[in-house]
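Some notes on the structure that comes next.
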Amino acid sequence: MINILASPVTDGILAVLQPDTLIYIVLGICIGMLVGAFPGVTATMAIALASGFTLTLEPTQGLAVLLTIYVAAQFGDRVPAILLNTPGTPSSISTTFDGYPLALQGKAGLALTTSAFGSAVGMIFGIAILAIAAVPLSAFAMQFGPPEMFALVVFGLTMMVGVSSGRIIKGLAAGAFGLVLSTVGRDPITGDPRFTFGILELNGGIPFIAVIIGFFGVAEVLNQIITRHKQHHAKPVTQMGQWMPDAQLMRRLAKPMGIGAVTGSVVGLVPAVGGDIAGIIAWDNAKKTSKHKEEFGKGSFEGLTAGDTSSTATLGGSVATTMALGVPGDSVMAVMIGSMMIWGIQPGPALFSTNPDLISSLVTIMLIATVLTLVLSLLRMRGMVKLLELPSRYLWVIILIFCMVGTYSVSNSVFDVFTMMIASLVGLFMLRFGFPAGPAVLGLILGPLAESNLRRALIIDGWASIFTSPIAVILLLIALSALILPPLRGLVQRRKNASKGSDLPSMVP
Amino acid sequence: MTAQSSVESQSSVGQPTALPTVSDALVTGRSYRLRELVPVATCIGFGIGVLVFAQDINSQVGVELGPAFWPSMLGYSLIVFGALLVFVNVLRGVRPADIPDPLNGWGVSRFCATAMLLVGYVLLWNVLQFWLITFVVSLALTALYGARGWKAVLAFPALVSVILHILFVLVLRVPL
């Protein structure tokens, strides 16, 4: 637990309470709410885009913008999930289960406000986890030597691969591809050039912000451009009905919110497991313990709030593992690590020793962002519904132009822009052929850490140095089980279904 | 729409991908499985390429595990993953969520036109005024994507140009 009277704590809080930082927080909220509200624009894409222009800011201000976008997107994405049955970001998948049925029943207003309350409760719970767990976690990780650090990187990578929607081999290949990209430039130990092909700009390595923007920003837009035949817009539900929930409803929601907060906090601490999975797990847990199981999936406020509370509660844990271990909690945090490295902040066990005020800055930014976004979400804004009807073509133009200019602004380099364009073509190929981009980006960012620690460990005592370290062995075993267990579970399930003679429908005509 | 079907329906790009579910029966159509040979070839080809280029890495420092060790390890890994993909995706089948939306001719044309416009945009940054070239490219892209009417074709690009000029040129002082 942090000693709140210690000066780094107050320093961190005061750094956030500066007027200019507060303005950036408000800016981040506006961007985040819009990003969340537009289906097809994920928080990862928005943060990749924003990293282009935040890199010129002070670290606290830049972090304020990026973290606030992340927080606000978790509120904004509920709007299309409830009114359109389309999740604004993956975190709101569980919101559609009950949110849209509630909207169809004329309870859209209540669904939006209870969802916002649930999200705020989850977020505050997650922030508490961040405040409590981050420093002890980093203190524990300070004991890590090269074998443990290598195992930690492998653990982070495989966890991200393990949750890559069942595409484990392609996830591993994407991770290996990212690791290969990270070898371009100077060798981390000897300084010899590798894969530079005589191109001077590649001596410093592949510019990872450009790659991130290409993978998460332009590639997704290009895929929409080449596949959409016509603008097909579902009409959002516009009848809001009652807006604010009464005390009786709020009392009924206390239990599912509690289930969601606990589920999300635990899930959030596992690297690479995001709010989408946490929301679905909590929705299922709330259903099991509810007295009104029959309402779940047909319009249950309990299901709605359990999922939303859980998906936002992951944020605190995700930020904690990212900062304390240097292993991103999810793809958004992987992008954020890239920005932080440009600012000279290296997430990892030593982070809170070198930047003791950072933890209180992070907590303060997220708390202010949560409160302001909750207030904004409770305002009855008819304009939000209008936004859902905005055709995608305007978003495409904005995203493409922003990606180009944003990439250039990182280091005023046209080379970076062309790297981004090549990365977007590679990202498009990966999207079309089912390679997840998250592990590739993670490999690119964590590659030097993995390589240098593996080589140091091997030089010290060969492979024995890794397999005689209990921490490294445990991390590698968890990583291995994350890769092996999901397909095994699927295999067992398929055999069970086959033995029952169930004829499962294929989704493809 | 039930909860389950809602999860499964979000497989389009830019949307959440589906979680693996019991009902994710594999698609075993020949064309879908043959298509998976492209990722296989890419993995193996890229892995071989890494191994070939890794041999050209010359270290000036005599160390036990040189600069080529890690890339070579990754190259072999990629080849192994490519081979595994043959067993997992080509021989068994593809998950429905991994089948992308079909391409269409107009979409591919729009993609090519977009690529040309964006390359031209970058090359003209230092030739024309930033706000002017941004306005022209925004206008061309907006029209290309199907917008019609003066508000869409003129007012929107003008707004984009003004915002970008203020943000990047005036506030962030990016030399554009």
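Even glycines carry a Cβ here, placed using N, Cα and C.
If you look up TrEMBL, you'll see A:22-50 (among others) marked as transmembrane segment.
The domain 'DUF112' annotation in TrEMBL covers A:22-442.
Summarising the annotation, TrEMBL assigns transmembrane segment to A:116-137 (among others). Through the fold, the transmembrane segment (A:116-137) approaches residues 1-2, 71, 74-75, 78, 245, 250, 253, 256-257, 260-261, 264-265, 268-269, 304-306, 308-321, 323-325, 352, 359, 362-363, 366-367, 370-371, 373-374, 377-378 of its own chain, all at least 6 residues removed from its boundaries and within a Cβ separation under 8 Å.
Look at TrEMBL and you will find A:149-169 (among others) tagged as transmembrane segment.
Per TrEMBL, the feature transmembrane segment maps to A:205-226 (among others).
Long-range contacts of the transmembrane segment (A:332-352) within the same chain: residues 43-44, 47-48, 51, 54-55, 59, 62-63, 66-67, 70, 134-135, 138, 141-142, 144, 160, 208-209, 212, 216, 274, 318-319, 322-326, 358-359, 410, 438, 441-442, 445, each at least 6 residues beyond the stretch ends and with a Cβ under 8 Å from a Cβ of the stretch. If you look up TrEMBL, you'll see A:332-352 (among others) marked as transmembrane segment.
For A:358-381 (among others), the entry in TrEMBL reads transmembrane segment. Residues 2, 8-13, 15-17, 22, 25-26, 28-29, 32-33, 60, 63-64, 67-68, 71-72, 75, 78, 109, 112-113, 116-117, 119-120, 123-124, 127, 130-131, 134-135, 240, 243-244, 315-316, 319, 323, 345, 351-352 of the same chain lie 6 or more positions beyond the ends of the transmembrane segment (A:358-381) yet place their CB under 8 Å from a CB of it.
Under the heading transmembrane segment, TrEMBL lists A:393-411 (among others). Same-chain residues lying 6+ beyond the ends of the transmembrane segment (A:393-411) with a Cβ under 8 Å from its Cβ atoms: 38, 40-41, 45, 49-53, 55-56, 207, 209-210, 213-214, 217-218, 221, 224-225, 231, 342, 417, 419-420, 424.
Per TrEMBL, transmembrane segment is recorded for A:417-446 (among others).
Away from its own ends, the transmembrane segment (A:458-485) comes close to residues 143-148, 150-152, 154-155, 157-159, 161-162, 168, 172 of its chain (Cβ-Cβ under 8 Å, at least six residues beyond either end). Positions annotated as transmembrane segment by TrEMBL: A:458-485 (among others).
Beyond the transmembrane segment (A:205-226), the same-chain residues lying 6 or more positions past its ends with a Cβ under 8 Å from any Cβ of the stretch are 40, 42, 44-45, 48-49, 51-52, 55, 181-182, 184-186, 331, 334-335, 338-339, 341-342, 392, 395-396, 399-400, 402-403, 406-407, 410-411, 413, 415-417, 419-428, 430-432, 437, 440-441, 444-445.
Long-range neighbours of the transmembrane segment (A:22-50) within the same chain, counting only residues 6 or more positions beyond its ends whose Cβ lies under 8 Å from a Cβ of the stretch, are 16, 57, 61, 64-80, 84, 86-92, 209, 212-213, 215-217, 220, 224, 331-332, 335-336, 339, 365, 368-369, 372-373, 376-377, 384, 387-388, 390, 392, 395, 399, 402-403, 406. Mean model confidence of the domain 'DUF112' (A:22-442) amounts to 85 (pLDDT, 0 to 100 scale).
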